[in-house]
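Beneath this line is the structure, given in structure tokens, with notes to follow.
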Amino acid sequence: MTSVAEAPAKADLIEPTTTTPPPSMGAEFVGRKYVQLVLVLGALSAISPLTIDMYLPALPQLTEEMQATPPQAQMTITGLLAGLGLGQLVVGPLSDAVGRRKPLLLGLAAHALASLLCVIAPSITLLSVTRTLQGVAGAAVAVVAMAMVRDLFSGLRAAQLLSRLVLVMGVAPILAPSFGSALLRVTSWQGIFVVLSVTAGLLFILALVALPETLPPSRRVSARPGQSLRAYGVLFKDKIFLAMVGVAGLMFATMFAYIAGSSFVLQEIYRLTPQQFGVAFGLNGIGLILMTQINPMLVKRHGPVKVLTASVTVAFLAALVLLVVTMTSFGGLVGFLVPLWFVISSAGLSFPNAPAIALNRHGEAAGTAAALLGSAQFLIGGLTAPLVGALDNGTPVPMAAVIVGTTGLASLLLFLTRRGLSTVRYD
């Protein structure tokens with residue numbers, strides 16, 4: 001649970017209106033039941049990175065078959081991220097009003113259908129449209145999973161559970177490109193979307209039988225548009241919440257600058273095969289997992305704010321090294337991969353901690369808060385992905401430059417709000 005000390009003069013933030021979940025809700029998830037909760041929520045949260053990452057090895061093939069340019073192919077990523085971002089702004093307040101299960105199940109069913117529409121898309125433009133629909137459907141899954149965490153837990157428990165979710169989600173970036181590469185040996189890029197459709201269907205069944213409703217009617221809010229606008233108004237007045245939204249979005253954009261550019265950089269410039277690309281991509285996923293494994297221990301000892309600040313700082317410094325390496329070609333492939341590994345691994349510490357700080361301040365509207373947080377992540381990421389393509393000059397420099405920009409802005413946000421962040425305390 002959060003407590004905020006009184007500011008001595010001008011307050012940088014409004015008083016957070018945290019509400020601790022009733023003890024009977026989070027307290028019942030212990031032992032095997034807690035492990036089951038982590039695995040189910042993690043599997044649901046993994047649908048978005050699976051949807052993004054699994055077809056990355058197929059981007060060159062897709063680009064050639066559809067006679068598209070690399071920036072046009074990257075727009076299929078942008079469409080997905082835009083759908084994920086905008087969809088959450090609607091689904092979040094809706095889930096605060098009607099509960100979590102209905103939007104979740106509807107989103108999974110729609111995701112399965114949208115994936116099949118991607119299979120039959122006849123052009124790169126229509127594929128971008130169907131990918132956007134896929135993102136809107138996936139938005140329900142992403143926002144509900146995060147809101148369920150805040151329904152059940154607060155403070156350090158929420159931060160620790162989010163770390164476990166990121167750990168489970170971290171498996172998806174490792175497996176997805178390799179799995180996509182393996183699928184390309186026996187099928188085309190369309191087959192990858194068939195697999196995604198089946199995956200969404202299986203997750204629908206899993207959520208239906210294994211996940212309870214975490215928001216009882218007594219804690220729901222009105223579904224009227226005015227109520228939703230008031231809830232967003234409260235969030236926009238909280239400068240610390242907005243700073244955490246910005247940091248989370250920028251670090252997410254760092255990841256998607258890497259995702260948008262890595263397929264072409266590693267396969268076209270460094271001449272890796274799709275299978276080798278999957279291995280290189282997986283190494284960064286391993287770093288992300290290692291950091292999320294130790295995050296609960298670090299948070300318990302130092303608190304989310306210090307861990308977040310340190311991780312963003314390291315990511316920015318590693319990004320500067322990455323930019324120098326790409327501009328000078330120092331070290332070749334190894335020189336490129338090493339600082340990139342530190343960027344992505346450090347991001348693994350920011351992903352659970354920025355949301356934990358933000359959501360802990362607004363437990364009474366967890367769905368709306370998670371929606372604004374999630375939409376910022378995907379919308380900022382969606383703007384970043386085409387920027388890498390637009391700056392393409394046949395070298396890795398544009399990707400590195402964008403990563404420097406995103407991590408640098410995240411560091412600046414933390415610096416500007418350091419006084420307000422210093423007042424945040426966790427029990």
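From the backbone N, Cα and C atoms, a Cβ is placed for every residue, glycine too.
Residues annotated as region 'Disordered' in TrEMBL: 1-25.
Distant neighbours of the transmembrane segment (34-52): 77, 80-81, 84, 104, 108, 111, 115, 134-135, 138, 141-142, 144-146, 148-149, 152, 161, 164-165, 167-169, 171-173, 176, 196, 199-200, 203, 206-207, 210-211, 256, 259; these residues of the same chain sit at least 6 beyond its ends, with a Cβ under 8 Å from one of its Cβ atoms. Residues or ranges marked as transmembrane segment in TrEMBL: 34-52 (among others).
The domain 'Major facilitator superfamily (MFS) profile' annotation in TrEMBL covers 37-423.
With a threshold of 8 Å between CB atoms, the same-chain residues lying at least 6 positions outside the transmembrane segment (72-92) that come near it are 48, 51-52, 59, 62-63, 66, 103, 107, 124, 127-129, 131-140, 142-144, 147, 256, 259-260, 367-372, 374-379, 381-383, 385-386, 388-389. Residues or ranges marked as transmembrane segment by TrEMBL: 72-92 (among others).
Same-chain residues lying 6 or more positions outside the transmembrane segment (104-127) and placing a CB less than 8 Å from one of its CB atoms are 44, 47, 51, 62, 66, 68, 72-73, 75-76, 91, 95, 133-134, 136-141, 144-145, 190, 193-194, 196-198, 200-201, 203-204, 207-208, 211. For 104-127 (among others), the entry in TrEMBL reads transmembrane segment.
Annotated transmembrane segment per TrEMBL: 133-153 (among others), in sequence order.
As annotated by TrEMBL, transmembrane segment applies to 165-184 (among others).
Only residues 6 or more beyond the boundaries of the transmembrane segment (190-211), in the same chain, are considered here, and those with a CB under 8 A from a CB of the stretch are 36, 40-41, 43-44, 47, 50-51, 54-55, 58, 101, 104-105, 108-109, 111-113, 115-116, 118-119, 141, 148, 179-180, 183-184. Residues or ranges marked as transmembrane segment by TrEMBL: 190-211 (among others).
Nonlocal intrachain contacts for the transmembrane segment (240-265), taken as residues 6+ away from its ends with a CB within less than 8 angstroms of a stretch CB, comprise 12-13, 16, 52-53, 56-57, 59-60, 70, 74, 77, 81, 277, 280-281, 284, 308, 312, 315, 319, 336, 340, 343-344, 347, 350-351, 354-355, 357-358, 361-362, 369, 372-373, 376-389, 392, 396, 398-399, 402-403, 406-407, 409-410, 413-414, 416-417, 420-421, 424. The transmembrane segment feature in TrEMBL is assigned to 240-265 (among others).
Here TrEMBL flags 277-295 (among others) as transmembrane segment.
The transmembrane segment feature in TrEMBL is assigned to 307-330 (among others).
As annotated by TrEMBL, transmembrane segment applies to 336-359 (among others).
Within the same chain, residues 70-71, 74-75, 77-82, 84-93, 135, 139, 142-143, 146, 232, 235, 244-246, 248-250, 252-257, 259-261, 355, 358-359, 398-399, 401-402, 406 sit at least 6 positions outside the transmembrane segment (371-391) and bring their C-beta atoms closer than 8 Å to a C-beta of that stretch. What TrEMBL records for 371-391 (among others) is transmembrane segment.
Feature annotation from TrEMBL assigns transmembrane segment to 397-416 (among others).
The stretch from 277-295, 336-359, 397-416 that makes the most Cβ contacts under 8 Å with the transmembrane segment (133-153) is 336-359. Only sequence-distant pairs (6 or more apart) were considered; of these, at least three Cβ pairs between the transmembrane segment (397-416) and the transmembrane segment (307-330) are under 8 A, so the stretches are in contact.
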